[in-house]
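S.K.: Here it is, the structure in full.
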Amino acid sequence: MKVTVGPDPSLVYRPDVDPEVAKDKASFRNYTSGPLLDRVFTTYKLMHTHQTVDFVRSKHAQFGGFSYKKMTVMEAVDLLDGLVDESDPDVDFPNSFHAFQTAEGIRKAHPDKDWFHLVGLLHDLGKVLALFGEPQWAVVGDTFPVGCRPQASVVFRDSTFQDNPDLQDPRYSTELGMYQPHCGLDRVLMSWGHDEYMYQVMKFNKFSLPPEAFYMIRFHSFYPWHTGSDYQQLCSQQDLAMLPWQVRPLHQVPGPAGCGQAAALLPGAH
C-alpha cells in the first residue's frame with residue numbers, strides 16, 4: 001500500500017471555515033418544506049413500511065458475523081465520499097464532510113475529550129452499508145423501536161406507517177408492544193440502520209471507549225427519545241442518566257457540523 005503524507009484533511013471541513021454559510025439552528029430538521037422534502041418523505045415512507053420485527057432480526061442475522069469486509073476507519077470515511085444521505089432535509093453533500101465536521105466541532109468545544117472527538121468521526125460510519133447494496137431506508141434516517149406502536153414525535157408518523165404489518169399485529173401495536181415497562185433500551189430492538197450496525201461493530205471489535213460512546217453511537221438518530229421525549233416507558237434509570245449529557249451533545253455541535261446544529265455542551269462545560 002502506498003502511503004502519502006499531506007495536510008490534515010479535516011481542515012477542509014472545519015465548521016468555522018465559512019461562518020457566512022452557517023444556517024440558523026431553527027431552520028434545520030425541517031420536515032414540512034424545502035427542496036429535498038419529496039426525497040426525504042419517500043425514504044421515510046419505505047422505512048416505516050418495511051422496518052418490522054422480522055426485518056430487523058433478519059438484518060442482525062445477516063450482518064452479525066461481521067465477515068463482509070475488513071477496512072480501517074479512514075477507509076470507511078473515504079467511502080462516504082460517495083454517499084449522500086437521502087433522509088437528510090438539510091444537506092445534499094457527501095457524508096464524509098459531515099464526519100469531519102462533527103469531529104472538528106466536538107474537538108473545538110471539548111478539546112480535552114479525545115474519545116468524544118473520535119465518536120464524532122465514527123458516528124455515521126455504518127452508512128457504508130448503503131454502498132454495499134443496502135437500500136437507504138434500511139441505513140439512514142431517524143431510528144425508533146420496532147415491536148411497539150410508534151410514538152408521536154417519530155418523523156411523518158401519521159402518514160407513513162399505514163402499510164407496516166406490525167401495526168396490525170396485536171403483539172406489536174400497543175404502546176409497550178412486546179416489551180416490559182422500563183425494561184431498558186439495551187433490551188429494545190431498534191429499527192435497523194447505520195446506528196445499530198456501527199454499535200454492533202464496536203461491540204464485536206471491543207472498542208476501548210467509555211460506555212457513553214456506545215450510547216451515543218447506538219442512539220444518536222433516536223430523535224423521538226433524546227429530542228422528542230418519547231419512549232420513556234421503555235427506559236431504565238441508566239438510560240435516563242445517559243440522556244441529558246451523553247446522547248444530546250453529539251447533535252449539538254456548533255455551526256453546520258452536527259446532527260442538530262446547536263451549541264455542544266456537556267454538564268459543567270458552560
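A Cβ is built for glycine as well, from the same backbone N, Cα and C atoms used for every other residue.
Just so you know, TrEMBL annotations are computer predictions that nobody has curated.
Straight out of TrEMBL:
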BINDING   ARG29, ASP85, GLU86, SER87, LYS127, GLY141, ASP142, HIS220, SER221  substrate binding site
BINDING   HIS98, HIS123, ASP124  Fe cation 1 binding site
BINDING   HIS194, HIS220  Fe cation 2 binding site
MOD_RES   SER33  phosphoserine
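How buried are these features, and what lies next to them?
M.R.: LYS127 (substrate binding site) has a Cβ environment of 26 other Cβ atoms inside 10 Å.
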S.K.: Just the number: how many Å between the Cα atoms of SER221 (substrate binding site) and HIS194 (Fe cation 2 binding site)?
M.R.: 9
